[in-house]
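Each remark here refers to the structure printed beneath this line.
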Amino acid sequence: MDTIDQTPHRSYEVRTYGCQMNVHDSERLSGLLEDAGYTKAAAGQAPDLVVFNTCAVRENADNKLYGNLSHLAPAKERNPDMQIAVGGCLAQKDRDVVVKKAPWVDVVFGTHNIGSLPALLDRARHNQRAEVEILEALEAFPSTLPAKRESAYAGWVSISVGCNNTCTFCIVPALRGKEVDRRPGDILAEVQALVNEGVVEVTLLGQNVNAYGVSFADPDQPRDRGAFAALLRACGQIDGLERVRFTSPHPAEFTDDVIEAMAETPNVCPQLHMPLQSGSDRVLKAMRRSYRKSRFLGIIDKVRTAMPHAAITTDIIVGFPGETEEDFQDTLDVVRQARFTSAYTFQYSKRPGTPAAEMDEQLPKAVVQERYERLIALQEQITLEENQKLVGAEVELLVAAGEGRKNAETARMSGRARDGRLVHFRPEGNLDGTVRPGDVVTVVVSAAAPHHLVADTPVLTHRRTRAGDSFEKGVTPKTPPIGVGLGLPQIGAPAPLPVQMGCNA
């Protein structure tokens, strides 16, 4: 990669929109920039560089980006040395359109070449013109780049990039490319590196995690349909790793071995986020979702048999083209049967470039809004009822930062239970000093609401952790590049992982 010749201590700010993939990519961008000599801008400081890591999934993504870019135009005019970069899915989609709409932007880069950002910034500054570089295929796994992690106690670990599905409403495969899987050994090495830094919770990321193992980049790594279940079990062998989560699985490829691994691996959390999208078989077919509601509900039954207290969450789209009232009632019926702990609900958003955008029978906004409100009302009722079942229960929390908007006025702190539920608690009782984000407490739930639980009873136990120590010091992990490029010959093999991790590397 090109080196960057720049004034020392240029400050940066990364603004992230969209999914967990983007959040994790932004950690990579921060790591790259800090390796190139930038420092993160302090709160309230005008940065020398602003990087937008964009999303293209929602209809208003374009308006949000270009509106924010227009707000920066006066700052750029006042300070011509300031640089603005736009990356992510919307940049991959819009390409040269970005600098046509916002000519004060210095760099546009895509989803496949985030590692080029420092060099592109240097080139734009040297050439005094915008640099637009969009690649059609992934240049290197993001894991081969350094990362400046946002959290002292929880970390993202990407197991794959891209997606082989062809959902008619989704533009992500066109922007992220076909699925490419990382080697198990590289993934576990990254997890171990995070744990070595004090991280206690890891979330494995992929557009379709259950497909992991069928698209390895390394030609010497054989296809393995059981690779994801083996990966979960291998994570269970890492000392100091207390919680493992993953997102997102696809119902069409959800297999029994994964359910068994979840139930039998103690540090894999009793939580499953599995997108439904619609409860109508007719709509699922139009979406090209390749499963039907009976299969979806069957998976939930198996998960609850293996893990009776598992919290199951989902994604639902309301108002897909051609959705009838009968179709919508099918969705409500699945919601009633599944009794999701919570649901991320969306009104269908037409995305240019997707098959659904060209479908007939696009629904009126008023119809979609009315159905959306009915779905929200039903799901909130179910969520409250499910949360009320936990009143009086003892739960273990990983204390979190920034999860409670009213914590200052209520004198509470917040944490996540093992099943992912948000709990606000009073840091009083059997404490071992000050409670910090990253510490672990045990509390008894005293009240329930649709979006959270409350524990106003005294804390039963408090365990201080290395993650809490790091948070208190203001230190977050900075993980080095891990793994090799996409099928390229590697120079030297990584150190072998312990045999008991149980996953072929």
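Note: Cβ is positioned from N, Cα and C throughout, glycine not excepted.
Positions annotated as [4Fe-4S] cluster 1 binding site by Swiss-Prot: Cys19, Cys55, Cys89. Within the same chain, residues at least 6 positions away in sequence whose Cβ sits under 8 Å from that of Cys55 ([4Fe-4S] cluster 1 binding site) are Tyr17, Gly18, Cys19, Asn22, Ala61, Gly88, Cys89, Leu90.
In the three-state DSSP classification, Cys163 ([4Fe-4S] cluster 2 binding site) falls within coil. Residues or ranges marked as [4Fe-4S] cluster 2 binding site by Swiss-Prot: Cys163, Cys167, Cys170.
Positions annotated as domain 'MTTase N-terminal' by Swiss-Prot: 10-126.
As annotated by Swiss-Prot, domain 'Radical SAM core' applies to 149-385, with the evidence given as sequence analysis.
For 388-459, the entry in Swiss-Prot reads domain 'TRAM'.
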Exercise. Would you please pick out, from the binding-site residues Cys89, Cys170, the one with the fewest other Cβ atoms within 10 Å of its Cβ?
Key: Cys170
Practice problem: Rank the binding-site residues Cys19, Cys163 by the number of other Cβ atoms within 10 Å of each Cβ and report the first-ranked residue. | Solution: Cys163
Quiz prompt | CB within-chain contacts under 8 A for Cys167 ([4Fe-4S] cluster 2 binding site), separation at least 6 | solution = Gln277, Met287, Arg288, Arg289
Self-check item: Environment of Cys163, Cys167, Cys170, the listed [4Fe-4S] cluster 2 site - residues of the same chain whose CB lies within 8 A of the CB centroid
Solution: Asn165, Thr166, Phe169, Ile171, Val172, Pro173, Gln207
Quiz item: Using DSSP, how many residues in the domain 'MTTase N-terminal' (10-126) fall into helix, strand and coil?
Solution: 58 helix, 23 strand, 36 coil
Practice problem: Compute the mean position of the Cβ atoms of Cys19, Cys55, Cys89, which form the recorded [4Fe-4S] cluster 1 site, and then list in sequence order the other residues of that chain whose Cβ is within 8 Å of it. | Solution: Tyr17, Gly18, Met21, Asn22, Thr54, Ala56, Val57, Ala61, Gly88, Leu90, Val172
Quiz item: What is the number of residues in the domain 'TRAM' (388-459) that are helix, strand and coil, as DSSP sees it?
Solution: 5 helix, 28 strand, 39 coil
